[in-house]
Amino acid sequence: GIPCGESCIFIPCITTVVGCSCSNKVCYDN
């Protein structure tokens, strides 16, 4: 639920390595 400051419209979230995931074209951490 916390935005990770990264979008995932064109490329996947790089922040997945720190627990973030793509949701509604924005990377979130829980």
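Every residue, even glycine, has its Cβ placed from backbone N, Cα and C.
Remember, predicted model here, so these are calculated numbers, not experimental data.
Among Cys8, Cys20, the cysteine that Swiss-Prot records as disulfide-bonded to Cys22 is Cys8. Within the same chain, the residues at least 6 positions away from Cys4 (disulfide bond) whose Cβ sits under 8 Å from its Cβ are Cys13, Thr15, Val18, Cys20, Val26, Cys27, Tyr28, Asp29, listed in sequence order. A C-beta separation below 8 Å, combined with a sequence spacing of at least six in one chain, links Cys22 (disulfide bond) to Cys8, Pro12, Cys13, Tyr28.
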